[in-house]
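Asks: Sharing a structure below in structure tokens format, with a few things to ask.
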């Protein structure tokens, strides 16, 4: 028993090393737990650093037991109580360096700048294409105010999600995600309802992606066909005059048309055949099935994850495109609260809930924010970094939304012509818009399998306990998800409508209801629940419910 209390490192050497433990220039401050004698060399011509026989014996036992079974077998892994404390363990590299392990929870990987950028990059999605349309639906002044207020509200709710794990006493929640917190407070209902709303957000995103990919593939193919065959096509729609052409595809309706309207100059028969086989809603959504259905069946999405940088490149290019177009077109604004005008919209419109639905999804990161912040090097900065990230996201949305809305040439075009995907306001022959569509198309084709993988993990993993139970199960799920996307792209290609419905639905649970309820329950259990807190958080829940209900009346 006395031998168990023997220090692993000779006390005199340990105390001497401890004095210089934080001195980066002292090589002894990076001493590994154990080094084989053949690796021990003199340091600055001093005597070699010797390790006790107890440490040497323990090292040999750990190596011995690790070879008795398969590495995947957990039965013979050394238990925690026989290992040194985390602060005494070093990872020794054959390259000659030793890395100190600060803790066993794996935190402390990324700086604040990296964390902020990760959150910004994760939140920047397809919603940015519909922000100008949402501002048009709400009115310019009202839309900008709603953007600001929704950013603050969703940030507060996200803050409550981050703090939710800390409200659980006497339990190690270091590896918990927000659905685990929901299960703790609401039981199996919390678990399955969080799964349901998470699937709503994922499948909604996949539907939007399918509609947009059909749109981008159609316009890309049309541009290439016209260029290769030297076809001179002018869009037979309302447009402005000038080199930076802006069009109004649907002057009398906010619903996208199922066919393009062009006047062509060339071989009419060939062009008519091309239009028959290359239709935005009748054929192109089905062509995507051949491209994407096999990709959804991959067991691992690691290959597609390598292309995540394309999302950042696409957003930067979109912002640059909007800046360039706005500089050339100039601003066209006229403020009016009540007067109905031919080319402008009122500053306040009753259809503003369409923007709140879009923004709920645009600011939605609540189901994965805990995971993103786990790797923050300084956990004390989580709230600050989250706030900065939300500020940058909000500024990006406001910049794109205001620039597109304000620079839309009115007159001769009405602001009502702003499309749910603002790239549709640029003709297929626009080279800058063509490059943007190419970027977004390729980026979405790499992200779509990742979304499908997440759906598979959450649905099949919960039902069967295996994310790949069989080829038949995976294929059936993929066909169902792809089928929904094809149907929506064929009969309801309105990304603004899809985004606002899915955003209001998943946001009801993850943004408005669960964070507020969990906070009130935790305060009640500690005897700290006050009337003003009840009023604030009940109001947030009511706003979430009203946001969802209002989408059905727009």
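Including glycine, each Cβ sits where the backbone N, Cα and C put it.
Predicted, not measured: the structure shown is a model, and the values here were computed from it.
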Asks: Taking the topology from Swiss-Prot, would residue 226 and residue 469 be on the same side of the membrane?
Replies: no
Asks: Please find, within the list 92-112, 113-133, the residue stretch that Swiss-Prot describes as transmembrane segment.
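Replies: Within the set 92-112, 113-133, Swiss-Prot attaches transmembrane segment to 113-133.
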Asks: Name, in the order they occur in the sequence, the residues of the same chain whose CB lies under 8 A from the CB of residue 127 (arginine binding site) and which sit 6 or more residues away.
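Replies: Those within reach of residue 127 (arginine binding site), by Cβ under 8 Å and sequence separation of 6 or more, are 358, 359, 361, 362, 397, 499, 503.
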Asks: Same chain only, please: residues at least 6 beyond the ends of the transmembrane segment (534-554) with a C-beta under 8 Å from a C-beta of the stretch. Say none if there are none.
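Replies: Contacts with the transmembrane segment (534-554): 137, 153, 157, 351, 353-354, 356-357, 360, 500-501, 504-505, 507-508, 511-513, 516-517, 519-520.
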Asks: Relative to the transmembrane segment (192-218), which of 350-370, 388-408, 501-521 accounts for the most Cβ pairs at distances under 8 Å?
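Replies: Per the Cβ count, the answer is 501-521.
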Asks: Which residues, given as numbers and ranges, are at least 6 beyond the ends of the topological domain 'Lumenal' (494-500) yet have a Cβ under 8 Å from it?
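Replies: Result: 126-127, 129-130, 133-134, 204, 207-208, 211-212, 255-256, 353-354, 356-358, 360-362, 420-421, 488, 551, 554.
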Asks: At a C-beta cut-off of under 8 Å, are there same-chain residues at least 6 beyond the transmembrane segment (388-408) that contact it? List them, or none.
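Replies: Residues packing against the transmembrane segment (388-408) from afar: 115-116, 119-120, 123-124, 127-128, 131-132, 134-136, 140, 143-144, 147-148, 151, 154-155, 158, 246, 315, 318-319, 322-323, 325-326, 329-333, 359, 362-363, 415, 417-418, 422, 425.
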